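Accompanying notes for the structure given below.
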Amino acid sequence: MTSRYKLTLSYDGHDFHGFQSQPGQRTIQGTVEEILKQMTKGQEVRVFGSGRTDAGVHSVGQVIHFDYPGREIPAANMIKALNSQLPMDMVFTDCEIVDKDFHSRFSVKGKWYRYRVSLDGFVNPFKRFYTGHYPYPVDVEKMQEAAKDLLGRHDFTSFAASGGQIEDKVRDMYYVNVALDEENNEVIMDFIATGFLYNMVRILVATLLEIGNGRRPVHDLKRVIAAKNRLEVQQTAQACGLYLYHVFYEEVPRKYRLDLDL
């Protein structure tokens, strides 16, 4: 007999070799599975995530699930037991017991990624692991105008890095927001879609920054999307500025879907 637990996890991805377990590497999945193994006195408990973040990518809202053997432990006790053993660069923020038909990956309705990019002339030592860096002038209004071209249903082949295993490249992009944080001299970019291809957000960020810098026309994204060719976009933003912000398991709220008829 097992009980299925759904947990929300925040982590500083700097010192992890990504989410997925890899022999000899420190990973998110491997760290949680090792703690569960200790809690079950040696039993293997498989952890499933909503997605596999790369090395250096952070999370505010990663969601995992696992089936815990033996007697059911109250959710409040489970999160306390796990957090008491986690390293300081990880913390569970929510826990609930769910039905067995819930799956952290296959039940997803949408994902929200946020990217922070510092516009400082030189790399800020206190930001270097938590923001991307773009030391060139950008016109945020141009980036905001360009971002509108991403909304809707598109084939995002041009923004998928090699190495991905998903053949269907069509995604519904519900929401894109580009904002200037003047106090911290950063550009904050938010993306909400039904899902994202391998490195898609980082490639989109790099392309929007090129538009902001005048290296591409404002509406060049339309051409790049239509081309369905990865060679149209050569740059990929650094992993350190990317955050998995939220995972939706109900329909994405209308306030994030604007007037899209999707």
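Every residue gets a Cβ built from N, Cα and C, even glycine.
Source: prediction; values computed, not measured.
As annotated by Swiss-Prot, active site, nucleophile applies to ASP54. Summarising the annotation, Swiss-Prot assigns substrate binding site to TYR113 and lists sequence analysis as the type of evidence.
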How many Å separate the Cα atoms of ASP54 (active site, nucleophile) and the residue listed as 'substrate binding site'?
13
For TYR113 (substrate binding site): intrachain residues, at least 6 apart, with Cβ closer than 8 Å
ASP190, PHE191, ILE192, PHE196, VAL201, LEU242, TYR243, LEU244, TYR245
Surrounding CB atoms that lie within 10 Å of the CB of ASP54 (active site, nucleophile), all protein chains
17
